[in-house]
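A short worksheet on the structure shown next.
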Amino acid sequence: MSGLCLVLLLSIFAVSQSSGECSDVSFSSVASKLDGLKRVTRLSVSGHISAYHVKVSISDDDFQLVRLSNGNPLVLYSTLSNTPSWTHVDFLATEVRIFPAFEQATEDVRGPLLILTICDYDTPITAFDDSSYTVEAHHAGLVSMYENDLCVVFRTYRSGVFFFSMADQGDVLIAQIIHGTVHVIFDFGSLTPSRISAGKALDDGRWHEMRWLHQFDSVQLSIDGVLLNQTAPTGLYRKLDLHSVVHIGGRPNDDFSQGIETTFTGCIARLQLNNADLLQLSPNEVHNQCQMPKPPSFTLHNSSRAVLPFTFLPFSFEFRIVPINGPLVTLFDAENGTLVDVVIDEESKLHLVSNITKFKQAANPAIDVADGAWHSFSLRIRGVRMEIDIDGYTVLWLEGHEVRRVSQRLSNFILSASGCYRSVTIDLTSVRVDGNVTRGECTFQEKCLPNPCENGGGCVQSALDDYVCNCKEGYKGKNCHTTDLPHSCEEWVFTKGNKQKAVQGRKVLIDIDGGGEMQPINVTCKTERDEIGIDGVSTILEHDLLRPMIVTGDNKPGAVRYSLTYGISTEQMDRLVEGFEACSQFMRYTCRGGARLMTQGDERSPSSWYSTRSDKHGLQWGEAPPYSRMCSCAINGSCLHNRMCNCDSGEDSTDEGVNPYSQLLPVTGLFLGGTTKSSSIEVEIGPLKCRNRATFDPVTFSNRNAKLSGAQTFNQRTFDVSLHVKFSHSQMSILSWHSTDDLHWFHLYVNDGKIVGEVVNGGESQQIVSEHRYDDGKFHAIYWEADSTGMFLKVDGQRKSVKTSFILPTVYMWIVGSRTEKGSTGFAGVIRNVHLCGVELALGQYARKETERGVAIGDDGYCRPDLCQNGGQCVDKYDGYVCDCSMTPFGGSDCTKEYGMMVPAGSSIQIPWQNPAHQAMCHRIAIQTTSRNTTILRSKALFADSTFNMTVDDNGNLQMMAYDGFFFHFKRQSKRHNLSDDIMHDISFCASKHHFNVSVDGMQVITIEGNWTFFESFNVWHFLDENFEGCVSRIQTGSAFPLKNPKTARLNYSGKIRFGTCPIEAVSRQQMYDFNPQPDLISSTIKTSTEDIKIFSVSQNKQDLVSKAIIGGGILALSLFILCMSSLICYMRSRPEGVYKTNETGENCSPSRSEEPLVHNTTSNNNNNPTYASNKEYFC
């Protein structure tokens, strides 16, 4: 007991010595020099809102970037709060520097305030020169543990061993570095050592940290704070027992440790195992000052080279290059002629090529020299033999007289491969270089550790500071994150052109988590009707048991086993099934010869059963309740002999049904038996069928203050969100995902009807905006993706991308909608199929839980059939509605406002040339009159002979005549209505390729078959003639509405016309026409037939007329102004739009093609002779 207490005291002492006293210090600059080597545990920055990266130096001003476990640089966010926002870290440093994370960050004139929590670290940096020491485990406080943590901070240029422990009972823990890669060998007593390795080019003489972390069933290896590898221990044991004596910086000399380095040469600043500082326990004579001379080096960038004069052999250097095929070393003569080339091929293998004899040799062994690690190169010539060594192995050689010629003529060595070079025998600081070269340091940035390529993509370092991903089929993008595969069958059917394919069923590859780690799944998508007659999309997952399984002979219960293979993992099964509201699977069990299902033998136990995806036994069949030992027939009491299953009756029978319990599905295995030589069973399992993907349920937001929210942490390399949404407002917030302090966020919103994706981080903002508007009330598919190199936005397949460098924020809380949130305008519309970084957001389930007012499940807006009248379209705003009356002759908020005019006899109303954009096949007019034998409208084509007339005959009946301009005349009459009965009648007529129809008051009165395509060419309209007297409204010519928008429709009129609603009940017709304007005003009205028409609504309530005296006075006051402006208005408003051509030469237009010229016959003032319009202008 006393011994255990001593061990605990020593352990506590070692921990206290390691940690030391901690305190907070602050610096008003971006650089903070500490008082010696300290352990930094917390960081915070105070100042204007910005973002900073962190670099630390242990010694020699060698600064390294601090990174997170996922490989991203650590980002410190400064705040204006007086309370520090701490970021927890754990590293050693003598100096800490921060610098803006953004290249063009806003400069803070005051400078940021850097706050650190530092702890005393009294252990000196120890230098090892092929020397080592031992530590007694009990003296260091090391005990057997189920969780272990080994941390080593080191720098070296060579391979070596850090820690060595091999216990007598077989437990092993060895940490070493070999060719720049850290290797850890461990065993917890199973006598089967496991290995884990990570890192690359760590023998570069810079400070690095390796951390081996064991947590019972998990082992991780991190390099410089980045998790690079992880595995699971083998065997049954999980506790690590150390040898009584552990070795630091070496190992004992024995014959059992082959493949393990014997010593270590370099420096170690920290070596801790389970918080025991083993470096502090080193002997005093080992504490040498860390002095590591830095060899001369330089970095060759693309298209650069270095020329090294030949002085002596061997010619030796170390290199770390980018995997680009081309020459590594070229031997030149004095005339710059190539003697020998050492080149790198596409597989990063070396070849030797002689320019003299054209001899080519491949390296043997074939060493990958472009893997990003440091390699040694040595060229030597001995007599008639030239040898090239890579990493100490002779891989290339050349023999014969050719070697003599090379040695005699050799003048220069040319290095041209892009990468880093260093040498202790060659002065690389003074070599002649061509191109972009960085001297004195290696600027090679490892971009493929950890692998940034997702979904099985391979990373290749393409430049000193860049990489490319070789993506697998179906994925693309910088990091192989982007995929065009649908998330579900519902999404696939929604895609244009797939609805018809789904009727028969189609094999589809779906990716549930989008660009996430989960692999795609092959399913069958089919549109079919369920048992209650509702059409829906079914997702069908097939297995490999295509035919029924037959079992016979003597078999014990469950003796015959068969595993059903679906081609997916258990994780994929869980994600697939759990995402649906309902899944089912057909099951059939046929028994013959007395075989039983649930009551076998004296124990009356099941003879056959199945296994679920969670490896549980399913002890029921068909629709029977889970684990009930019943079959489907027991539910309705139809089993034979009142048993629980038909196959428990002892007779030949069948139990079948559809298993509807998702927790039991799919059936992954069959355990069959209970048969004899005279009995048999036959089992059939159908495919898994699922319906109603929960995330595809639409959710309607009818209150812009409503919201749905949830928590999800984002700390990945790539952000993405995909959803389906429809809306009608031009300004809205769809989805936001923000940090806890609301200073950093992703925001997807609508601005001016366009989709906008915005990333805000550290006071910097990046936006991407769609090209088109989408506030049309229709579903649109949106996908937005962002990473450190840029982002792109895809709406309905139309993609827009932005290339820029920025940092993705760390966010936690997502919100859909909510006007009350900061910077949010709320959401009103329908949203579904939301996937946020591979996670399905089933908003319908959130809506059920939160019961938020203004949020409802389903696609149900405000619009109802009776809200908009007279053919107006209801535009659903989801928090309200508006009526679109633009395609009707009506107006007002509900399309009930009439636009009409009282037309006295002698008036003229016409459209001299209709805008071509308004021409169509359907037209409309409403009249109220007592006139007979009058024309309702006349129409013709400017450049054709076709005509159309509609009149009221002597009996008040409707009569129409048409001529197609070539052969056929049409004439019809309808006697069903008396159009002269002083009642408003609504007349509409439409033509098509094969029919012409006329309707009066909604009743079809005339139908003519034939070719009526000529009807679309009518572009000259005359309404009513001089005999007509009454009220007219609802005029529609194609897509134009002359009474509603006279300027747009190019309406001209003349006469004593009064505009207002029709019919006008406030005054009689006599009162409406009984006014005597000034003669000048009358002539002005006639002359300015194309002046602006202003339409006023006349109230239906009766009002007293304004006295004629007051009206006359007003008219006299305005007459002078009207006379002055009439000529200018006439000129500007009377000419139709277009281009006029003169017909004087007859080259452009033929006057005979028009029935009526645009300029009517006039009389010359000089000779009173008529001047014909055919000699003037025609519109072409």
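Sequential numbering from 1, following the chain as shown.
The backbone N, Cα and C atoms fix where each Cβ goes, glycine too.
A quick note: this is a predicted structure, and the numbers were derived from the prediction, not measured.
Quick look at what Swiss-Prot annotates:
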type     : residues  : note
SIGNAL   : 1-20      : signal peptide
TOPO_DOM : 21-1108   : topological domain 'Extracellular'
CARBOHYD : N229      : N-linked glycosylation site
CARBOHYD : N302      : N-linked glycosylation site
CARBOHYD : N336      : N-linked glycosylation site
CARBOHYD : N355      : N-linked glycosylation site
CARBOHYD : N522      : N-linked glycosylation site
CARBOHYD : N636      : N-linked glycosylation site
DOMAIN   : 695-863   : domain 'Laminin G-like 2'
CARBOHYD : N933      : N-linked glycosylation site
CARBOHYD : N949      : N-linked glycosylation site
CARBOHYD : N978      : N-linked glycosylation site
CARBOHYD : N997      : N-linked glycosylation site
CARBOHYD : N1011     : N-linked glycosylation site
CARBOHYD : N1052     : N-linked glycosylation site
TRANSMEM : 1109-1129 : transmembrane segment
REGION   : 1142-1180 : region 'Disordered'
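This view paints the features noted in Swiss-Prot onto the structure.
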residue: N229; record: N-linked glycosylation site; Cβ neighbours (10 Å): 17
residue: N302; record: N-linked glycosylation site; Cβ neighbours (10 Å): 11
residue: N355; record: N-linked glycosylation site; Cβ neighbours (10 Å): 15
residue: N522; record: N-linked glycosylation site; Cβ neighbours (10 Å): 13
residue: N636; record: N-linked glycosylation site; Cβ neighbours (10 Å): 8
residue: N933; record: N-linked glycosylation site; Cβ neighbours (10 Å): 13
residue: N949; record: N-linked glycosylation site; Cβ neighbours (10 Å): 17
residue: N978; record: N-linked glycosylation site; Cβ neighbours (10 Å): 15
residue: N997; record: N-linked glycosylation site; Cβ neighbours (10 Å): 16
residue: N1011; record: N-linked glycosylation site; Cβ neighbours (10 Å): 14
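DSSP gives N229 (N-linked glycosylation site) a strand state. Its Cβ placed at the centre, N1052 (N-linked glycosylation site) has 19 other Cβ atoms within 10 Å. Comparing the Cα of N997 (N-linked glycosylation site) with the Cα of every entry in N302, N522, N949, N978, these being the glycosylation sites, the smallest distance points to N949.
Among the glycosylation sites listed here, namely N355, N949, N978, N1011, N949 has its C-alpha nearest to that of N1052 (N-linked glycosylation site).
Between N302 (N-linked glycosylation site) and N522 (N-linked glycosylation site), the C-alpha separation comes to 44 Å.
The glycosylation sites shown are N336, N933, N949, N1011; of these, the one with its CA atom nearest the CA of N978 (N-linked glycosylation site) is N933. With N229 (N-linked glycosylation site) as the anchor, the candidate glycosylation sites are N336, N355, N933, N1011, and the one with the nearest CA is N355. Neighbour count (other Cβ atoms within 10 Å of the Cβ, all protein chains): 10 for N336 (N-linked glycosylation site).
As a whole-number mean, the pLDDT of the topological domain 'Extracellular' (21-1108) in this prediction is 90.
Spacing of N336 (N-linked glycosylation site) relative to N355 (N-linked glycosylation site) is 12 Å (Cα to Cα, whole number). Cα to Cα, N522 (N-linked glycosylation site) and N1011 (N-linked glycosylation site) are separated by 52 Å.
You'll find the Cα of N636 (N-linked glycosylation site) roughly 79 Å from the Cα of N933 (N-linked glycosylation site).
Cα-Cα distance from N933 (N-linked glycosylation site) to N949 (N-linked glycosylation site): 13 Å (rounded to the nearest whole number). You'll find the Cα of N949 (N-linked glycosylation site) roughly 18 Å from the Cα of N1011 (N-linked glycosylation site). In this structure, the C-alpha atom of N1011 (N-linked glycosylation site) lies 83 angstrom from that of N355 (N-linked glycosylation site).
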